[in-house]
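Student: Sharing the record's features from Swiss-Prot:
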ZN_FING   66-134  zinc finger
BINDING   89, 92, 113, 127  Zn(2+) binding site
REGION    572-592  region 'Disordered'
COMPBIAS  576-592  compositional bias 'Polar residues'
C-alpha cells in the first residue's frame, strides 16, 4: 500500500512499512552502496529456494499509483525520441527499454541486471556485503543497538554464500597441495590471523587433521582417474623416475601416458612409492607390478621409459622385461618394452662435451666474473670491443651449472669476444685468465656440437605434448651428424665427436626400432623416411636394417589383428549405413539378390572375392600416397578421422604414438633433466610415505581441473536483514 505525500511515500515491504526518503534509504543499506535484489513489487513473483511465491497484493485504489518495485531505487526513467522511455541504471548508466507508447516492458529484465551481477559496479562491490548481521548505532551515535529485523530478499552470490567448514577445509588442502605449502602452515600465527580476518567462523584445523584432508583430496581424485582409466580404449606406457632422500630410503615415481577416446594425449602421475632400495633390480620391478595392480592395468601395459642415470640401465631393462613379461602380455615379445629417455641422453652427451673442456670453461667463468665485478671494468671491456669493431650484440653472463644450455650460450657469447679478452689481458695487469688460441679452438668445437643438441632439444620442446613420431627426426639426424664428425680432419673436433658418438650410438642401437615404428605411424612419412635415413646412416647395409623395421611393424600389426576389435559407439555412429558388411577376410560381402535375375552374377562376385587376395589395413596404409607435409599437421586428429578406415591399425597407432620418448613433461625444462640425482627435500622426507604420495600425485591431478570452484547458487533467498 502506498500513500503519496509530496515527494515522500511509504511502501509495504514484507511486514514493515519502510520510509522511502533518503534518510530511510541510507539506514536500509547500512553504509553499503548497494542493496541487491530488493526489487519486490505488488504482483511481482520471486523465487525463494527454488519455489515461486507472490508478494501480497494491496487493495485497489482510484489514485494513480507510483512505481513501487524496489528496482526503481536503482533506475531512473529517461525520455527518448518517439515518445518512448528507457530505464537508466544509476550505477553503471546502462539503459534498458521500458515503454513505447502504451506498451510497458515491465521490470523483470531490470531485476536481472541488479540481482544476477550483470551490473559491473555491483559486481565489483559485491565483496562489501556483510555475511553476518551488522550492529548499528543509535541516532546520537552513542552505544550500539540491534536494529529490528526486516524481511528482505538478497542475491546469493559469493558474498552471501552459506559458510561450509568442510568445503573450506577441502579448498585449504588443495591450496597446500598445489603450491607446495608445508602442512604446518595451519599452525603459523600469521596464517591463522589472516584466515580469521576473512572468515571468523572458520576453525583452523591441526596438522594431523590437515593430513586427513589432503589424503581425502587424493583419494577422491584417484577414484575419478580410475574411472577414466576404466574406459581407456588403448594401452598405457609408463615413465619411471628414481628419487633419493637424506635417509636410507628412496622413492619411485610412476607416471602413465595414454591417448583417450577423443585422440588427446595425456600424462598423469600414478604413484610415488617409497622403496627401501630404489636402485635394486627387484625393488623397481615390484614397484611397477604393485602400481599396475593398484590401478587395474596389468593387461594394459605397453612400454616403460627409464632415465639414463647409470651404467645399470641394461640390468634394469633385462630384469624388468623378464619380471613383467611373466605377468603381462607384452607386445612384440617385449622388444619395445624398455625405452630410454631422449632428454636424458641429450643432457648426458652435453655433459660429456662440457667435461671435455672443463678447464677452459673455468677460465671463461673467471673472466666474466672479473669483468662484471665493477662498472668501470664493464665499461673498459665495452670500449675494447668497440675499438676492435666486434659486431656481436651478445651479452656476457655466467651460466647455471645445472643447465647445460646456459653454459652453451655463455661459451657462444664469449667466443665472439675472444679478441677482446686477449686485449684486456695485455692492458690490465690484474687480469690473467684469458683463454689461449688452442683453448678457443676447443670452445669453437664444443659450441659446434652443443648446437646440435641445443637445436634438437628446442625442436622437442616446441611441441606442447610431443607424440613419439617426432623423436625419430631428431635422433636420426643427430646420429648421422655425430657419425660423420668422428672423421673430422681436426683432432680437436674429432676427439669431442668420438666421445659424443660413443654415448649416443648406444642409445640409437637400443631405441632406433621403437623410434622407427613410431615414425611409420606418421602418414607423412611411413616407411619412406626410414628407408631414406637408414641409407644415409648405414650405406650399403641399409636394406638389412630397413627389413628389421618392416618385419617388426607387420608382426606387431598381426598381434593387434589377433585381438578382438571392440565395437564402440563411435564406430556405429560414424559408419556408413549404405556400405555392405565386411567379411572375416576383410573383403566386402555381397548382399543377396533382390529378384533381379542376377543370382549367377552374385555367385560369381562371391567367388572372386574369396579367391583374390585382399590387402590388409597395414598394406593399404603403406601403399597409399604420403599425406602432404604441412607445418600445423595434427597426427592425432588424422588418426581420429581415419579410425573407421583403419580400425585395427588405428588401435596400434594409438598405443605407439602414446609412448613417452622423453620423461620431461610439458612445461618443464629439458636442459636440466638427468643432470643430477633427484633428491626429496628434508621436509617431505619427514612425512609419512602415504602423505608424500598424496601430495605429489594430487598436485599433478589437480592442475588439470578448472582453476576456480563452481560458483555458488544465484537464486534469491529470503533472509533476515539487520
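Just so you know, glycine gets a Cβ as well, placed from its N, Cα and C.
Give me the structural setting of these features: burial, nearby parts and distances.
Tutor: Sequence-distant neighbours of residue 89 (Zn(2+) binding site) (same chain, 6+ residues apart, CB-CB distance under 8 A): 74, 75, 95, 96, 113, 119. According to DSSP, residue 89 (Zn(2+) binding site) sits within a strand segment.
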Student: Per-residue pLDDT averaged over the zinc finger (66-134) comes to what?
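Tutor: Over the zinc finger (66-134), the predicted model scores a mean pLDDT of 76.
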Student: Using all protein chains in view, find how many other C-beta atoms are within 10 Å of the C-beta of residue 92 (Zn(2+) binding site).
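Tutor: That number is 16.
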